[in-house]
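For reference, Swiss-Prot has these:
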type	residues	note
TRANSMEM	33-53	transmembrane segment
TRANSMEM	77-98	transmembrane segment
BINDING	HIS83, HIS182	heme b b562 binding site
BINDING	HIS97, HIS196	heme b b566 binding site
TRANSMEM	113-133	transmembrane segment
TRANSMEM	178-198	transmembrane segment
BINDING	HIS201	ubiquinone binding site
TRANSMEM	226-246	transmembrane segment
TRANSMEM	288-308	transmembrane segment
TRANSMEM	320-340	transmembrane segment
TRANSMEM	347-367	transmembrane segment
Amino acid sequence: MINLRKTHPILKIINHSFIDLPAPSNISAWWNFGSLLGICLVIQILTGLFLAMHYTSDTLTAFSSVAHICRDVNHGWLLRNLHANGASMFFMCLFLHVGRGIYYGSYLYKETWNIGVILLLTVMATAFVGYVLPWGQMSFWGATVITNLLSAIPYIGTTLAEWIWGGFAVDKATLTRFFAFHFILPFIITALAIVHLLFLHETGSNNPSGINPDSDKIPFHPYYTIKDALGLMFLLLVLLLLALFSPDLLGDPDNFSPANPLNTPPHIKPEWYFLFAYAILRSIPNKLGGVLALLASILILLIIPLLHTANQRSMMFRPISQTLFWILTANLITLTWIGGQPVEQPFIIIGQLASMLYFMLILVLMPLAGLFENYMLKPKW
């Protein structure tokens, strides 16, 4: 009898996607993050579902309902800690996944890359609305500051901000709709992830060398299922260490105080994974300019395929591009640090220089490095 997984209409799709999928024989651990992101998404949906059973999206009871989950619900503290730190793990995997794509030239699969950028934006939106739900001080003021940026849009800005708020400020209507968004968006992310995979399987995976791997493929199972399982062990180890030993390490102490519109925290800042973009926003002393720079810092990923000038796909054999890539990485870490600092010297000038370097590297220096490397490869005699 022919194997059921190869004939059954549904199992056949799963088989072609995760079992008999031909994969390059040389993909490294940097290719683990796709599966880890899928697992992060499942963890977030499951923990979020159980949290939603006990959470109330009302300004009067939201904060105390989160406290109730942590104190009175069976293993509620664990669910909350896994969900909060799961978001951090999600973004860690996302940044590494995008970094891998830039380093090895995976962005040349344009459809897969563009869906990936849309996924990144959707995950960022989900994390933002989710951070508002506990209704602590930083939740409230973070929501106020970021949604207020919409008012910088000429002509329609104020109307747009009030439409999002459902009133004249962040209040009960805002919290209720943010809870609704936070519930639905992960399912939209799941659908987008399936489309992302669909486009990826049209072309097959890239590999570290950037050379067409069609002549040397191996089945995904058991080789890469085992490899992904190892990655999963590391992910769960770090997540559990965070959730069980220092669950509040990455959070903000201000969020232990209930939201108070009459008392502004000394330093309003988002979660660590938004700090790089927040630093770019703050580095421009103009509201609309800052908003445009914030958008550009993420949307610039969409034009990376158009800026590829090198004859080789991967950076594996391109030392100048490699150097610039690691300067970009260090620059993003610097921006993340600056985003968490108060708006005073020397942080202002460091942030402005780092923001300028970020755009310079992607738009000018990396394409020029590609052209120079092409020139260096040509025989000179």
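Positions of Cβ are set from backbone N, Cα and C atoms, glycine also.
Mapped onto this structure are the features recorded in Swiss-Prot.
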residue: HIS83; record: heme b b562 binding site; DSSP (3 states): helix
residue: HIS97; record: heme b b566 binding site; DSSP (3 states): helix
residue: HIS182; record: heme b b562 binding site; DSSP (3 states): helix
residue: HIS196; record: heme b b566 binding site; DSSP (3 states): helix
residue: HIS201; record: ubiquinone binding site; DSSP (3 states): helix
Query - Two-stretch contact, the transmembrane segment (226-246) and the transmembrane segment (33-53), at least three Cβ pairs under 8 Å - result: yes
Requested in this report: Quick one: give me the count of other CB atoms within 10 A of the CB of HIS97 (heme b b566 binding site).
Outcome: 20
**Report entry** Cβ neighbour count within 10 Å of HIS83 (heme b b562 binding site)
**Finding:** 21
Report summary line: Taking all protein chains shown into account, the Cβ-based neighbour count within 10 Å for the residue listed as 'ubiquinone binding site' is 14
Query raised in the report: Just the number: how many Å between the Cα atoms of HIS196 (heme b b566 binding site) and HIS83 (heme b b562 binding site)?
Result: 24
Query - Neighbourhood of HIS182 (heme b b562 binding site), C-beta criterion under 8 angstroms, separation at least six - result: GLY48, THR126, VAL129, GLY130, LEU133
Requested in this report: Measuring Cα to Cα, tell me the gap between the residue listed as 'ubiquinone binding site' and HIS97 (heme b b566 binding site) in whole angstrom.
Outcome: 17
Requested in this report: Across all the protein chains here, work out how many other Cβ atoms are within 10 Å of the Cβ of HIS196 (heme b b566 binding site).
Outcome: 21
**Report entry** Pairwise CA distance, HIS83 (heme b b562 binding site) versus HIS97 (heme b b566 binding site), rounded so that it is a whole Å
**Finding:** 21
